[in-house]
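A.B. asks: Annotation comment: TrEMBL describes B:4-113 as domain 'CMP/dCMP-type deaminase'. Positions annotated as Zn(2+) binding site by TrEMBL: B:His55, B:Cys85, B:Cys88. Here TrEMBL flags B:Glu57 as active site, proton donor.
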Number of protein chains: 2
Amino acid sequence: MNRWPIPDPMARALDAARTAADQGEVPIGAVVMRGDEVIAVAANRTRQPPDPTGHAEIIALRAAAEKLGSERLTGCDLHVTLEPCAMCAGAISHARIARLYYAAPDPKGGAVEHGARVFEQAQCLHAPEVYSGMGEDEASEMLRAFFRERR
Amino acid sequence: MNRWPIPDPMARALDAARTAADQGEVPIGAVVMRGDEVIAVAANRTRQPPDPTGHAEIIALRAAAEKLGSERLTGCDLHVTLEPCAMCAGAISHARIARLYYAAPDPKGGAVEHGARVFEQAQCLHAPEVYSGMGEDEASEMLRAFFRERR
């Protein structure tokens, strides 16, 4: 039996996650796409330089806004290897991302299908369509291996 | 009758908010303090350069982390003129801010005492002590005037 191949944007996000792990950063990657065009690729980077907001999603959204010359990324999609936290879900809403794809759910820190459920709040001015699961095994195993090595 | 004076850090945050309005940015300001030491001062800046994450809190936290050389701002306090949104509340938690002071509540977009209530979630690994109200009239009036002019 063959597994359905991981779509190219999520494969790129997983590649970015791998580069984060190589640098001692938590292996999470994110990609902003506009149709078939890659707009920005980023990996978590909270340690060097020290930045409590340096999640892959935040870095990718900032780079995409700079590249496109607009704080609103209307029509863009975000692919990320882990369910976004409250900070990142809020940023995704501010950026008007059309579709959010994430690989692995995160019961401990996620704020999409867990906890703060940012997009489900009445106050949320823009909620993306949300899809999850594609690439979940790869994303989860990378995180498990990273934290296993550091215990 | 004299009003109790606004504490210096919040007065600085209000000053920063004023500078944002002068540049066509939403008038919100934030200050990171460590004891009596001013670590970072920032105003909203989402338009120029375009950055969907450019809220005053995010810019102040990033600057403070860079200045102190640590992604964790343990022992630091954040003073901001408006109740933080989900994005900023998440960042405040990641940064391990000890005390959060905000001037005006934000029923439409706040995520501390409204909506996502980020710090009240079981998943929230670090919640600051929260104080609000000091400087509320000044902060609210600045925002009302800003949006009134633009309608």
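Note that Cβ sites are derived from N, Cα and C of the backbone, with glycine treated the same way.
Where the annotation comes from TrEMBL, it is an automatic prediction and has not been curated.
Values in this document were obtained by computation on a predicted structure and should not be read as measured data.
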A.B. asks: Specify the count of other C-beta atoms within 10 Å of the C-beta of B:Cys88 (Zn(2+) binding site).
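C.D. replies: Result for B:Cys88 (Zn(2+) binding site): 34 other Cβ atoms within 10 Å.
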A.B. asks: Specify the count of other C-beta atoms within 10 Å of the C-beta of B:Cys85 (Zn(2+) binding site).
C.D. replies: 31
A.B. asks: Tally every other Cβ atom lying within 10 Å of the Cβ atom of B:Glu57 (active site, proton donor).
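C.D. replies: A count of 30.
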A.B. asks: If you run through the domain 'CMP/dCMP-type deaminase' (B:4-113) with DSSP, how many residues end up as helix, strand and coil?
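C.D. replies: Across the domain 'CMP/dCMP-type deaminase' (B:4-113), the residues distribute as 37 helix, 25 strand, 48 coil.
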A.B. asks: Can you give me the Cα-Cα distance between B:Glu57 (active site, proton donor) and B:Cys85 (Zn(2+) binding site) in Å, rounded to a whole number?
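C.D. replies: That comes out at 10 Å between the alpha carbons.
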A.B. asks: What same-chain residues, at least 6 away in sequence, bring their CB to under 8 Å of the CB of B:His55 (Zn(2+) binding site)?
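C.D. replies: Sequence-distant Cβ neighbours: B:Ile28, B:Ala30, B:Asn44, B:Thr46, B:Pro84, B:Cys85, B:Met87, B:Cys88.
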A.B. asks: Mean pLDDT for the domain 'CMP/dCMP-type deaminase' (B:4-113), rounded to an integer?
C.D. replies: 97
